[in-house]
């Protein structure tokens, strides 16, 4: 079994170069659910400025059935007015027509979700996009996942794919190109970008597929639970995109109806692995920072505190400079209204408790920040809840990428 | 009349090098109110992790009388536990003793405010600090403002001072070293750092002085009104310091009791001029960005929206790269819950309306971002209120300063 959206049975995919991206690479992707079922769930950006494809796909998902997803890089189709929405509608209509031509039977445009990523505020070149969809439909294949994953990349330096095979009570990540034993059901997926709910504006897009049998309500429950502890815990630069979309499509082709907890577990495993890949490829980053807040009064407060630290430019630049600057960490903690006594806070950086009871403890020089993975632990002494939020360091590379190029 | 804290009658100041800063520059400042009155007001950081001098000075201000302020750079005395608070107390006690020696009469430690700035999490070298206070007390002079302003600098590249002379209904900024006509009363001041309420962790400290007659309640009202439309509208990097302090000391030496509006106006003029100086000297910045939100439902919502834009790393890097990326601006606006219709938003960059009704309008290539001053205007079409928030671009210099040095 290979990784990606065609890992589960019942899916075909393709990715082609349609001339939307200046570099000439693949920029239009199609993912088709050949059934027998077409139940689906989705979560979308909370930004009130929503791109046309997000407004469209939210409507599609209300129907609970998705037969295909058409995705493009090279343009976000955000802040493009009524004309931009018409472009999205036309793309979905054309996709539905082409799917009928290429063996997917009768498909309505209302079952075609659309995702776009790239520069905000410019219309897409509809002619090229439509021609790309035609070409992609002709290339649909059960081996098309890699081409599709490549076609949604923008500033990503590598495609991100995943597959999780569930057999009995066991769910395991399937490494690319490694053959696996038989599975009861499988979850596959692809993603691009760097974050969710607070992502880089290059946009986080993710399409997950499964051959499990599940209705839209079950898929929605599994997806929301998975997203909450994966994409929502990734905060690359605090910026909330106009286009973020995570979709989960179920073909039912395995004939297996998993228990809700089993489905949630597999989807969560897939999402967390994609988060790991997104984090490792964040714009300009040299270090991956895991911020764990423990002994919080609630999990929500643990997330709030961890996110405040994840969004501190001063913490992020300090980590870039290999400086275990726990004072900046405490200062970020202090901006929240979570339950804690400032004089009781403990902070560890890479396992060294440099701050105890709100004051200096272990020598900061004993902290080794030389590696690419940094852990920050904060004990609030206010309860028993905990959560981890992931972010990156703030680097010259980030400033360069985001000042030198429009996105 | 020269600028600074000794511009008003009744004040002496000094600044000396006590060996707290590694560079060997001035690092201990004293500002003394010789009266006849000693009414005072203060505003402090809202960070719950408060430095020892902030906790101390909040207590002092509750008494409504401040005879002297002792300030040091080279160490924030934040996150230093009970021992750090004892250091602050000892500093105030020593200052009070020295003031009695050097002509300020009987002073209680409870009338001595303390401000510290520098690295968080390390004890101050109390011996050096105390010796510096002794030396500063011996050098107190009505011409000491410049030395004091220099002694509170950390990453500041220049001292920030101001004087506002009020005569009749006229209040005017006094440029340094320009002799001015007689004034009814004067407001002077000095500041360091880059922000308030969302400042750089190098910390915002500000001491304002006036020879007006005013009681603590009048001073508090004037100071709060002034801070709300000055320091609170400056958002350099979204990080809230542990040490921010703004103090206003009144000697009453002019014998003039201004009307509340007149006092507020003069203090506001002084604060806004200091904000202008802080903004121009923000760490690593190459551009000053004024974000004006108009047609808002309320001034508070205008500030919320402007602050969201001011805190977007993607907007700030785009400005650094001379890119009028209004899509990133809309995306930041969309993260707020202010009243607006996303399809009604207008955005101008340096006077060019690049976005109308939520979509592209004037060609972005017609925007000239070559200069050091950038204006972003956002019309919400939801009411009649407006507000401006000031920030800087996010640059390689910022990353360098905050990754290469602990602060």
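Please read every residue number as a count from 1 along the shown chain.
Even glycines carry a Cβ here, placed using N, Cα and C.
Caution: TrEMBL annotation is automatic and unverified by curators.
Some features that TrEMBL has for this protein:
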- A:154, A:192, A:203, A:283, A:402, A:407: substrate binding site (BINDING)
- A:203: active site, nucleophile (ACT_SITE)
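When secondary structure is read from DSSP and collapsed to three states, residue A:402 (substrate binding site) falls in the helix class. Contact annotation for chain B: of the listed binding-site residues (A:154, A:192, A:283, A:402), A:402 place their CB atoms under 8 A from a CB atom of that chain.
Looking at A:154, A:402, the binding-site residues in this record, the fewest other C-beta atoms within 10 angstroms of the C-beta turn up around A:154. Neighbour counts were taken at the CB atom with a 10 A radius for the binding-site residues A:192, A:283; the maximum falls on A:192.
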